[in-house]
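Have a look at the structure below before the remarks.
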Amino acid sequence: MSSAVMTPPTVGASAMTDPFGRTISYLRVSITDRCDFRCVYCMSEDMTFLPRADLLTLEELDRLCSAFIARGVRKLRLTGGEPLVRRNMMSLVRSLSRHLGTGALDELTLTTNGSQLARFAEELSDCGVRRINVSLDTLDPGKFRAITRWGDLDRVLAGIEAARAAGLAVKINAVALKNINEDEIPSLMQWAHGLGMGLTLIEVMPLGEIGEGRIDQYVPLSLVRARLSNNYTLTDLPDSTGGPARYVRVDETGGKLGFITPLTHNFCESCNRVRITCTGTLHTCLGQEDASDLRRPLRASPDDDLLNAAIDRAIGHKPKGHDFIIDRKHNRPSIGRHMSVTGG
């Protein structure tokens, strides 16, 4: 980032509360739609990415995030695509970390595929990042190559080790895929818990065309949990995060296991989050086509008055819940945009 002076947050800006009384305190920002993997459940192999000129600059992303922090966001997650492939992205992390220092922000974190972690883990830790999520669906090199199409498992594992060595807490996110990795979930859990890492399982989400039918990938996590219960003691944990995951403690490993089930059990009633794309589009719901342009008001004025008005309008229309569905009759994705654009 350049040394340009950022617009200071509006002092005393009001909190963001939607029509259903949910206060927005968690912002997820996709800083790029590009990725060095082509995961089969996320995008097609010949994915066409956005022109670079369409993306917000790092300075604009900083200003946008800061405006939301001034409105009550306490947790900020940077996503992609793969956030660590964006040029100079660490300058954005370093700049945003000032909000940790002032106490305006409780947590600055990111979700990554791990491919670039060995390069950036130490710097992330130095910037005040304390924990990260790593997307990893298998420990089998052949399956990993098949799922990611372009990925190198050894490089990801080295990145995870570098993150742990830098003092970052790591949580593994794994998408459960029918007839691909569902049989490997117990061993993936044992591996993660053995290293002191949590594991969260995620159902396939119907976002964007991927060149394959998602019904052939989908396995309900209720079935996965039932299978695990045959060999492990799963004790429900209280919901303390306000997020989409439902957690259990696995008595035999002492580790924590999460289930994100948008299709079999939605998580809308306690939703406290919104998403911003790398082009400045605000999505107040992952599973709806709602969209509000924040780039125009961001660029229209050096102060945040127009931006805050646009944010208020968008939050005022946040829907009660999503419309995710996967079945043979509805084989097209429920939502046209890709997760890589929305932010994973």
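Glycine is treated like the rest: Cβ placed from N, Cα and C.
Here Swiss-Prot flags 19-239 as domain 'Radical SAM core'.
Residues annotated as GTP binding site in Swiss-Prot: Arg28, Arg77, Thr111, Lys171, Arg273, Val274, Arg275. Arg28 (GTP binding site) carries a strand DSSP state (E or B). Neighbour density for Arg28 (GTP binding site): within 10 A of its CB lie 22 other CB atoms from the protein chains shown.
What Swiss-Prot records for Cys35, Cys39, Cys42 is [4Fe-4S] cluster 1 binding site. Taking all protein chains in view, 22 other C-beta atoms sit within 10 angstroms of the C-beta of Cys39 ([4Fe-4S] cluster 1 binding site).
Reduced to three states, the DSSP call for Ser135 (S-adenosyl-L-methionine binding site) is strand. Under the heading S-adenosyl-L-methionine binding site, Swiss-Prot lists Tyr41, Gly81, Ser135, Met205.
In three-state terms derived from DSSP, Cys268 ([4Fe-4S] cluster 2 binding site) belongs to neither a helical nor a strand segment and is classed as coil. Swiss-Prot lists Cys268, Cys271, Cys285 with the feature [4Fe-4S] cluster 2 binding site.
When the binding-site residues Gly81, Ser135, Cys285 are screened for a C-alpha within 10 angstroms of the C-alpha of Cys35 ([4Fe-4S] cluster 1 binding site), the residues that qualify, in sequence order, are Gly81. Averaged across the domain 'Radical SAM core' (19-239), pLDDT for the predicted model comes to 94. As a whole number, the greatest separation of Cα atoms within the S-adenosyl-L-methionine-binding residue list Tyr41, Gly81, Ser135, Met205 is 15 Å. If you take the CA of Lys171 (GTP binding site) and look 10 A around it, the binding-site residues you hit from Cys39, Cys42, Ser135, Cys271 are Ser135. With respect to their backbone Cα atoms, Gly81 (S-adenosyl-L-methionine binding site) and Thr111 (GTP binding site) stand 9 Å from each other. The binding-site residues listed here (Cys42, Cys268, Arg273, Val274, Arg275) include no residue with a Cα within 10 A of the Cα of Ser135 (S-adenosyl-L-methionine binding site).
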